[in-house]
Amino acid sequence: MKILMVFDFDHTVVDDNSDTWVFRCLPGQTLPDSIKNTYTKGHWTEFMGRVMNYIGEQEVSPDRVRSVMETIPLTAGMADLLTFVLEHKRTVDCIVISDSNTMFIEWILQAAALRAAVDHIFTNPASINAQGHMEVRHHHSHDCQQCPVNLCKRKVLELYLSEHCDRAAEYKRIFYVGDGGNDLCPTSCLRGHDVAMPRRGYTLEKLLAKLGKQKDNHCLKAKVVTWSSGSDILQELKASLQP
């Protein structure tokens, strides 16, 4: 029976926000107010499309963007954790569900020599257009009222499990590792023997604690274990692999 590790990316695998880290490739390493002020809540991906178009207009090459993205730090202990996952692919499946984009995540994982640890990446697709600018599109559409318009992580996880039903039936346990508000929704599809792992001191921990205090809580069945570093997660994973 295999274990499934599900990771968020920003402030989870990496110890920062990849979408704002990219600002470092700009002169002055900041956005002008004319771009900053175009953001509206729930429409971050559209905002990032404008950011990447602006970066392209400043004649910042995709290679320069990549070199900057490759400098984002991994969260402490995460390299060891993903290396362990890579070395135990017979017993551990691993996916990333993120509101970042395909190019940022691929670049960062490849630079860390950890891409092979991750079986699937579910995020907003990105590509380089004819003008040489990076474009970002919605991952999918959905009808969840809790999540941003471009991505419901619960829908992604449920679809992954249904499409891999033969393997899903064999999952001894699912670990969901995240930090943010958009990581709350997918915890609702975890089972009683699964584990929701919010990062200590971040939004998801507070939301799960609030949910756990509700008497009529039917949404959260999973055990909740907080983490501060990848070594905390690795300890839980190793314990679950014991016969």
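Positions of Cβ are set from backbone N, Cα and C atoms, glycine also.
Here is what TrEMBL records for this protein:
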type	residues	note
BINDING	ASP8, ASP10, ASP179	Mg(2+) binding site
ACT_SITE	ASP8	active site, nucleophile
ACT_SITE	ASP10	active site, proton donor
BINDING	ASP19, ASP99	substrate binding site
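Structural mapping of features recorded in TrEMBL.
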{"residue": "ASP8", "record": "Mg(2+) binding site", "Cβ neighbours (10 Å)": "26"}
{"residue": "ASP10", "record": "Mg(2+) binding site", "Cβ neighbours (10 Å)": "23"}
{"residue": "ASP19", "record": "substrate binding site", "Cβ neighbours (10 Å)": "21"}
{"residue": "ASP99", "record": "substrate binding site", "Cβ neighbours (10 Å)": "24"}
{"residue": "ASP179", "record": "Mg(2+) binding site", "Cβ neighbours (10 Å)": "22"}
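Put simply, ASP19 (substrate binding site) is 8 Å from ASP10 (Mg(2+) binding site) when counted between their Cα atoms.
Other residues of the chain with a Cβ within 8 Å of the Cβ centroid of ASP8, ASP10, ASP179, the Mg(2+) site, are PHE9, HIS11, THR12, VAL13, SER98, GLY178, GLY180, ASP183, ARG199, TYR202. Here the Cα atom of ASP179 (Mg(2+) binding site) is found 12 Å from that of ASP99 (substrate binding site). Each residue contributes its Cα atom, and for ASP19 (substrate binding site) and ASP8 (Mg(2+) binding site) these two points are 14 Å apart.
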